[in-house]
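Straight from TrEMBL, the features:
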TRANSMEM  7-26  transmembrane segment
TRANSMEM  96-114  transmembrane segment
TRANSMEM  126-149  transmembrane segment
TRANSMEM  183-201  transmembrane segment
TRANSMEM  221-240  transmembrane segment
TRANSMEM  246-266  transmembrane segment
TRANSMEM  278-298  transmembrane segment
TRANSMEM  310-332  transmembrane segment
Amino acid sequence: MWLAPNLITLLGFSFVVMNVLIMLVYNPTFDQECPSWVYASYAVGLFLYQTFDSCDGIQARRTGQSGPLGELFDHCVDACNTTLGVLVFASATNLGYGWEVIIAQAATLFNFYLSTWEEYHTGVLFLSMFSGPVEGILIVVAVFIVTAFKGPFFWHTELFDFLGIENSNLVNTLENTPLRHMTLNHAYLAFAAVGLGFNIFQASQNVYKSKKKLGLPLTPAFVQTLPFFTFYGTLTYWIYLSPDILYYHVLPLAVAIGAVFAFTVGKMITAHLTKQAFPIWNVLQLIPAVGIVIHYVARFNEWDMETTDLASVWTCIGFAFAVYGCFIGDIITEITTYLDIGCLYIKHPIQQKKDQ
């Protein structure tokens, strides 16, 4: 009864951080074959994260510590894990540096973004039939286990070769199409896209029902999702202008994107808990636009573009981490001070409350 729920959440997240540290040592470029134990550790770490993430709520109810700080803490940790999980997955399947990493991250982040948006408008955190925190994580754990036995290049096997129908008449008709040479990697991403589409439909339907029941207009709610697409639109253009960012610096770029997203979701959850207006935009969402401006300034002044790209990406990480860190520190301090509670420890055990 002494263990704080938020500490359980943080301990679970530490397993994912350990996975990332192992990834940085063995395969930071997403194209190397690692020892089998590395992929097995990925599976164990992610499974333990999910287990601890499920237990923190139970512990909160047992100890009487349920409250807004716990919900905010849990969501912020999940938001960070969303990006880190994608990076570990890219390492396990050898996605390499390229658009696949950005697309996989964007799809995963949008799924989480929609769930938070849905909770803001409905007041309920729905888990669909194909839930990321449950089925999604277990599928990724299975991917890690398969990689431990088969190796990462197994996922580069062409789908039809894997199914043993590469010489069938149907497959032969697809010979000159990209579908014929679809790898297991791409098939997995396509499968995930179908799951994302289902979740988008269900989240939209839940928000529609909630607004209709309350007699409120639906359009403003959907307008609130536009900043996500605006961010990725400017990001895509920045990458188009500076492709070296994608092919040489995609790891730090993805980390910066993850920090922007975690900050965005944190503000959404805070607005939901405090009954404030939906935070449509924030300063970190301007990072790609600033990157575009810096690119044109560098070209006009004939700066070295390789150095400029490297400096831009790492400056983005530093700025995003600074803003997000200040946000987390301020929120935790304000909530713990106002409610007279501890963040990682139980300040007022439930037994004391009963005695009073």
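Placed from the backbone N, Cα and C atoms, the Cβ positions cover glycine too.
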Long-range environment of the transmembrane segment (221-240) - Cβ separation under 8 angstroms, sequence gap at least 6: 102, 106, 110, 113-114, 117, 121, 204, 207, 211, 246, 257, 260, 264, 278, 280-281, 285, 288-289, 291-292, 295
Same-chain residues at least 6 beyond the ends of the transmembrane segment (96-114) whose Cβ lies under 8 Å from its Cβ atoms: 29-31, 78-79, 82-83, 85-87, 89-90, 132, 185, 189, 192-193, 196, 199-200, 203, 225, 228, 232, 235, 239, 246-248, 250-251, 253-254, 257-258, 261, 264-265
Chain residues outside the transmembrane segment (278-298) and at least six past its termini with a C-beta under 8 angstroms from it: 120, 223-224, 227, 230-231, 234-235, 237-238, 241-242, 256, 259-260, 263-264, 267-268, 270-271, 305, 308, 312, 316, 319-320, 323-324
